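If you look up TrEMBL, you'll see 1-18 marked as signal peptide. Annotated domain 'Peptidase M12B' per TrEMBL: 59-264, in sequence order. Taken from TrEMBL, the feature Ca(2+) 1 binding site covers Glu62, Asp145, Asp152, Cys259, Asp262. The feature Ca(2+) 2 binding site is assigned by TrEMBL to Glu62, Asp145, Asp262. Look at TrEMBL and you will find Cys134-Cys187, Cys181-Cys259, Cys220-Cys243, Cys285-Cys311, Cys296-Cys321, Cys306-Cys340, Cys334-Cys345, Cys370-Cys407, Cys374-Cys412, Cys385-Cys397 tagged as disulfide bond. Look at TrEMBL and you will find His203, His207, His213 tagged as Zn(2+) binding site. Annotated active site per TrEMBL: Glu204, in sequence order.
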Amino acid sequence: MVFMTLLCLLLLWPGSAALMTSPLDEHFHHSSSTRDIVSSPDASEITRLRRSASIPDITHLELLVVVGPDVQEVHKQDTERYILTNLNIASELLRDMTLGANMRVHLVRMIILTEPEPEIQMSTNITSSLRSVCDWGRRINPSNDTDPLHADLLLYITRYDLVLPDGNKQVRGVAQLGGACSSDWSCVITEDTGFDLGITITHEIGHSFGINHDGVGNTCSRSGFMMASDGGYNSVDLTWSPCSRQQLFTFFRKGKAECVKDLPALGGSLQDWKPGLYYGVDDQCRIAFGNSARACSFTNPDLPACRALSCHINPDDNSSCKRLLVPLLDGTECAPNQWCLRGRCVSLDELSSSVVVHGSWSSWSEFTPCSRTCGGGVTHRTRKCNNPRPAFGGADCEGPDIQAGLCHQQPCERTQLDFMAEQCSQTDSHPLYLQPHIASFYTWIPAVGFAKGDEQCRYTCQSQGENFIVMRGSQFVDGTRCEPDGPPPFGSTAACLKGKCQLFGCDGVMHSGKVRDVCGVCGGQGSSCTMTSGSYSGGQAREYTTFLTLPVNATQVYIFNTAPLFTHMAVKVGDDEYVVSGMGSMALNMTHPSPLDDNHLQYRLYLTPDLLPEMEELHLLGPLQEEINIQVYRKYGKEYGKRTNPSINYQFYTPRRNSDVKEVKGKWAVFTTPCSASCGLGVQRYFHVCVAEDTNNPLEEHNCPTPAPPTPPHTTCQLPPCPPRWEAGMFGPCSASCGGGERVRPVRCVQKLGADVVNVPDSECSSDDAPDAAEKCNLQHCPARWLVSEPGECSAVCGPGEAKRQVSCVRPEDGQDVEVDQSFCSKEIRPSESVPCVVDVCPIGWESKKEDQPALKSGLSPRSRQTPVYVWSPVISQCSKTCGNGTLQVWFSCVDHQTRLGVPDFNCDSSSKPPPQSEACNPSPCPPVWRSKQGVCSVTCGGGVATRVLYCAVVTEGEEEEEVVEDSGCTDFPKPAAVVSCNTHSCPARWKVFRTSPCSVSCDLGVAQRTVSCVQFLHGKESVVPEENCHTAVKPATTVPCLLQVCTFRWEVKPWSQCSVPCGYGIQSRAVSCMGPSNPEPISPLFCLHMPKPITIQGCFNDSCADVPTTSDVTTADQTEAKASIPEEQLPPNPTEIITVLQTTAPPTPGGSACGQLLLEESGTVDLRNVSRRCTVSIGRPLDEVIHLKVESGSLNCRRSRF
């Protein structure tokens, strides 16, 4: 007995020829191609044939899909979405009314193999390959049709290049003719070649249901239909031929399709959603041309958007696109609120979709490699809202589309600022075009301090020595540090990711919200450290004194000095490196090493309204990696009073020492989890926990010996059997977006048996608790809209005319359009009841005035001039193309020969009417033409320029892509300008400050007047416009504060008083006060000690006085000697630096007498001997000094009132 089987093979030859062969044949048999005219059946014919063949109104094909490991390796995490999309394509084709079976596809299971199955042997022997799939399928597919996991047909999808015995590799699929519902051959194999996989699946399922190729053993055309032998994969309107429909009816009539007549056990079918909702144009390009392909950025006006797939193949080349003449998937968005449908870009009304499609996430991609080798890079994975995409008013996906974490966080040798600076400097050689064709080069540095947040991550750099920042690229490298808009929580890290500044928690996970406690422990409770606080007010004059040494691992360091007028703080790292101050002067606001680096130190100085130092503070979050010394510098010593002392307070946290915590010994204890199930069979797992030896209280793991002992294996737990329960699936989409629809969900009675959940009869579950399988949805009224009928006949015989149409206002109700009053529709957008129409170009000579000649009709004798004569007049359309082999249409209409007006066709002899015909026109090939790709405009408004990339290209009919040729091929056409104007619309008016007057003061804070005008930029020129064009709320102030320099504290000198004596030598005094830069009242002299204080007393001389007589008991002047001295401890520490002695010379006195002299020395002797008249001696010393006088010898008769 010879075993014979007929395999149906779908092949794709060059030229898209599809063949079918028997595996026993040694060569292929080509059937002659016949051009039979086959009309599509109407609904009544389909209904009649369906009833005669006993085909149910709806058939259900339960499908088991097995995806080969080679397919999974290519599509990876996108495999399931890709297969479902192609199954949707096949499902829609199997429901087509031309098949007559309304076959619903139900996906019972999808098995995605990651490793090859030994029993499935794909080889060059197609028969053997198909048999191995069927044999393996019988083992995993339950034979009982009532089993919920039973499938009527197994579909195996592979990327193995199917091949025939003669070496032909143009095979796309293989199936047993009529193998569906059989026990041996209910399986098919299809080759994954892209989105035509859905058509291949449909074609092979057709073979499995006994449908042969068109034109093979039947009279149908070999092309144009689903089962055509010449492929037809580029068709946008594939239908089933009458031969296919008749063969399917025969298959049903013979009782070979009983397996598809029963309802599926699991209910529900593949979603009736268009595949383009799952795969956009970019996705389709990647499937067709590789992962680097993307949708073409420009369009061809001569080719409808949905008719061909145009893609950029080279990611660095935007000037050319490769075109694949296959239609875009139905549901692909082709314009705002428009989608592709059978090669046409149609609106929602034409799409006939009343189902709102809510977006759903795809699966996560693999994590990317770490973006940096040190310093904290980023690894991330993404998902897309394309499974499906939201459409027809559906909601977008909820939740994040990206997950990211930090990696390689070990420190680099360079700082984070250096890493950003390196990226900026890499663009130094890239010119910047501030004006067309004029290249400028700058040295680029980070724009830290000028840009923050997302703006900082968009490759924003500053020109060194200039006052502008620009974007030097699309984005910084992922992991580049950035400054968030607000202060980040302790322990978090701000890093760039895809051009945005993202916040990572202390656990390294983006947006985790995890922070460190005050001890620096991620997620800690602040119990592992102690706080240290204190104050300091000492120090040495003109020296840096270390008052605090911060230890390693210190955290949350905060130090502030509220008396920084004569003191300031400094920070010293290591032995000799100062990072704040250290040179005897106060530092300005700074961050070390930069705001981008972790554990940076922040120093801030605050000023009073008089611009005097008011407070300085240090922030250091830590944990510190090395010891840091905090020092204070004071200008004056303690002898100058408390006002010269620092007033420093500090606090920080350090980890607890081992002596602070009572040592607790721990041990490992084994704990058991509760049973994983609340009923039936479950699992209990074991785990180790570190507990105290004495109390069994949980401890940190470091208190127990390491490593932990091995974990015991888990064990099963058996609880009472689970009772049957209702299980409800997810509601499907609403059947209507408004006007009242319905959505359904699968509801079944299930029972858990071990690890499996099985279906049980619904009677096992309580009917009172059964959830609803359907519910009403979208009950709101639909908005009314205008509905227009198809236009009637055109009023013109040829040329332009007018056609009438009916306009009505309708509103959807219960799935049907119901006409309502026209007041419900907007009259402003009411369509016109007549539309212009053009029949076509009038025949040659139609407008001539020559006398009409008599015409013959049906061979009769000529009629009289009074009898109308009707003739068939040609109507010729325009050529479809101006070059490159176009076509024009010629048809004939009946006209009155005398009036040349159109009349109904029955007036002419129908037997003599010439048939419509097509004629070739404009056969000459199209010449190459200039094409261009325009770059970015130099300005966003006001008239800028943009550079276009010009290239010469030829578009030939039948070619899949534009062919770029040498520019010499376009010399017959003027070459477009390479630079064109763009964004010529006016820029919004803005305020501009033109000039500023000098400051009103020579020092300290003053005011300056400035000119502010409203300007507008247009055509490269800035012009002043009326102020009404600018917003007054944002007008810059015309008076602004100014500060030329800080005014120093100064001594203010009052006029000298009158001489103390009317005659002879006396003294004069004057008031000297220390004045501040703005305070009109005198202040402490300590503020003016930086400059010498003017003298306050000097000698004076009036006319000589008469000698004063002396008493007898007064000794002679020779015996009198007075010595004045000042205690040394009262002197300032360095008098020569504090006061400069001004030598003042009094008028000369006779005989060199000391009378009338001003003495400024620290000590000395005044000789008053031989003085017999009134004598005054002045001694000048700094304010607040005590002067001691001692009489060495002599006898004075002094009065108390004068001493």
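Using N, Cα and C of the backbone, Cβ positions are placed for all residues, glycine too.
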DSSP secondary structure for Cys306 (disulfide bond), reduced to helix/strand/coil, please.
coil
Look at the disulfide-bonded residues Cys134, Cys407 and tell me which residue has the greatest number of other C-beta atoms within 10 angstroms of its C-beta.
Cys134
Judged by the number of other CB atoms within 10 angstroms, which among Cys285, Cys334, Cys370, Cys374 is the least packed of the disulfide-bonded residues?
Cys374
By Cα-Cα distance, the member of recorded positions Asp145, Glu204, His207, His213, Cys259 nearest Cys340 (disulfide bond):
Glu204
How does the model score the domain 'Peptidase M12B' (59-264) in terms of mean pLDDT?
83
Which of the recorded positions Glu62, His203, Cys412 has its Cα nearest to the Cα of Cys134 (disulfide bond)?
Glu62
Using C-alpha atoms only, work out the spacing between Cys397 (disulfide bond) and Cys334 (disulfide bond) and round it to an integer in Å.
21
CA-CA, which of the recorded positions Asp152, His203, Glu204, His213, Cys259 lies nearest Cys321 (disulfide bond)?
His203
In three-state terms from DSSP, label Cys134 (disulfide bond) for me.
helix
How big is the gap, in Å, between the Cα of Cys306 (disulfide bond) and that of Glu204 (active site), rounded to a whole number?
26
For His207 (Zn(2+) binding site), what is the secondary structure by DSSP, using just helix, strand and coil?
helix
So which recorded positions are near Cys259 (Ca(2+) 1 binding site), with CA atoms within 10 Å, out of Cys181, Cys187, Glu204, Cys220, Cys407?
Cys181
Checking your reading of the structure: which of the disulfide-bonded residues Cys181, Cys187, Cys374 lie inside a 10 Å Cα sphere centred on Asp152 (Ca(2+) 1 binding site)?
Cys181, Cys187
Counting across all protein chains present, how many other Cβ atoms fall within 10 Å of the Cβ of Glu62 (Ca(2+) 1 binding site)?
26
DSSP three-state assignment (helix, strand or coil) for Cys334 (disulfide bond):
strand
